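Below: the structure, in structure tokens.
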Amino acid sequence: MAEPDLKQQVTDSRRSMSTTTATETPDADQGSRHDPGYDAHEKKQEQAGQASQQAAAIPAEPVPLLTGEPQSEAPIVEQPPKYSIHSTWAKRLIIFGASISAFFSPLTAQIYLPALPTLADDFNVTATKANLTVTTYMIFQGITPMFLGGLADSAGRRPAYVICFIIYIAADIGLALSKNFTSILILRMLQSAGSSTTIALCQATVADITTSAERGTYIGITSLPQVLAPSLGPVLGGLLTNYLGWRWIFWLLTIMASVNLLVLIMFYPETCRKIVGDGSGRKDSHWVYWTGWQLIRDKLARRQRRMERERRQVEISKEDPSNHNNGLHHTMSTASAPRQKIKLQLTPPNLIESLTLLFRSKELAILLCYSAIVFSGFYAIGTAMPNQLHTLYGLNDVQIGLMYLPLAGGSIVTAFAIGKVITWNYHRHARRLGMVVDRTRQTDLTAFPIERARLEVGLPLLALSSAVIIAWGWAMQSKTSLAAPCVLLFLFGIGMIGFNNSLSTLIADIYPGKAGAATAANNLTRCLLGAASSAVILPMINGIGSGWSYTIFGLLYIGFAPFLVLVMRRGMRWRAEEKWKEEAKEEKRRQEQRERELVMSEAEGQS
């Protein structure tokens, strides 16, 4: 009976302490101020009570301990502030807008392919030379995000979006009006430079406004453009080339990009946490980070306030004409004083930050390289599929384009199903550790096995992708029924895109403040390895057959999978070591700064 009594005494003492510090009696407070014996000790007690009241305003919840202590008796700890002020629907709309913008990069790469034979005939060049426009596009697609991704992390998402789409629209107009093949080649590079960064910006936006506890639910939306565009692009490009001419491909892209840019300027808010924090810092930021709608509302509100002041002045002047000038002067000096303009300060981006992250972090290097291997299989299937379907099954261009739709269907299933599984597994690990998870607040992941929480979902999907890509090769070689490739493409969409979603979520968890640079590094490795796989897959098929060609890709998936298991086991330790090195480097920099200031002060004193 002693133990329950002791616990009851602790509980009663906690309640009495909270009641004492959280409430004050007005009469007692007033009496203490008039009492001559009101000494310094009582003043300190009063100040401590006021401080506790202020601290009580901070939301706090009891954290249940692993010892089984009831939640009502758990110690009270302060919670971190809410990660974002945006509501759930606002987050969905913001991420959907970013995903639509990211749609242009893969769409531009695929919609152009059906026009290659026609373009080669119009400019009297060989098919090999015409394919150079595809190769250079993919090279710039991998390189450009390293520069604009770093710019987005320092100068904001909205300026980066505006720069990207202005470059992209100008390149589209130039391509539609091109008169020679050289201009086509150069403008395709410029077009790639404008569109390729939108994928990195999309992933960075997700990291800006979502916490690790909810990120898996939203990350699925961002994968849709990467699969829907390759599915719809060839069909749309073939129809435009056959009925309107290849130049209308670029006119259509110009119209779509212009509409998207207008919507971004009017409604897409700035999300970069270095500039607006949780979103509430927008009012203190420069007007270039305001949406068009926010600027209009602000202008209408200021006009309304000005009209209200003028109306009050008219009423005052009617009541007492002698005080008209004084009242007007007083109102103008207070209410209508001009607002101080906020200067625009742009921090220059680190142009090689993506490469620095890639070579400095062991964990990130493994994740990005493995992601590139997985996407090389995706490019190998997508590049060779038109030739194989035409040769083996006799399909025309429109039918070949429709064969990409099962892949898109699998990705849609992944976006709505696997994302929830990723979020569920995160909460499962949190419950095992006795953590109280609030979706609106970012959890400190220093001692949280985030690698295991994400990759436990990704590894089964990776196994599915490995089996499907091997089966795809042998199905093509044996020329099975057309239903088999459709089913395999659907399953590959689920496995490959689902694994990519878990990996993208993990990358955003590890580097939330540098999501743009990290995603740009991811894009670089994918595009370079994807370009290589696209170049070698047809010679491999002609040399050793489809079955063994795609079996090699499947074995690459399986052979490098142990590195992911290594990340699951040692990732948390690697993150801790990297954080310790960063803190030591920062402390060394501060120490050197203090020493320089001390030397300068001593030199000034001697002079």
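The backbone N, Cα and C atoms fix where each Cβ goes, glycine too.
Please treat TrEMBL annotations as automatic predictions, because they have not gone through curation.
Here's what TrEMBL has on this protein:
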type: COMPBIAS; residues: 8-24; note: compositional bias 'Polar residues'
type: COMPBIAS; residues: 30-46; note: compositional bias 'Basic and acidic residues'
type: COMPBIAS; residues: 47-56; note: compositional bias 'Low complexity'
type: COMPBIAS; residues: 309-322; note: compositional bias 'Basic and acidic residues'
type: COMPBIAS; residues: 578-599; note: compositional bias 'Basic and acidic residues'
type: DOMAIN; residues: 94-572; note: domain 'Major facilitator superfamily (MFS) profile'
type: REGION; residues: 1-56; note: region 'Disordered'
type: REGION; residues: 309-329; note: region 'Disordered'
type: REGION; residues: 578-607; note: region 'Disordered'
type: TRANSMEM; residues: 93-112; note: transmembrane segment
type: TRANSMEM; residues: 132-152; note: transmembrane segment
type: TRANSMEM; residues: 159-177; note: transmembrane segment
type: TRANSMEM; residues: 248-268; note: transmembrane segment
type: TRANSMEM; residues: 364-382; note: transmembrane segment
type: TRANSMEM; residues: 402-422; note: transmembrane segment
type: TRANSMEM; residues: 457-476; note: transmembrane segment
type: TRANSMEM; residues: 482-503; note: transmembrane segment
type: TRANSMEM; residues: 524-541; note: transmembrane segment
type: TRANSMEM; residues: 547-567; note: transmembrane segment
Long-range CB partners for the transmembrane segment (482-503) (under 8 A, at least six residues beyond its ends), listed in sequence order, are 216, 219-220, 223, 226-227, 367, 370-371, 374-375, 377-378, 381, 389, 393, 403-404, 406-411, 413-415, 418-419, 422, 454-455, 457-458, 461-465, 468-469, 471-472, 475-476
What DSSP reports for the compositional bias 'Basic and acidic residues' (578-599) is 22 helix, 0 strand, 0 coil
Calculate the per-residue pLDDT averaged over the domain 'Major facilitator superfamily (MFS) profile' (94-572) and state the result as an integer.
-> 82
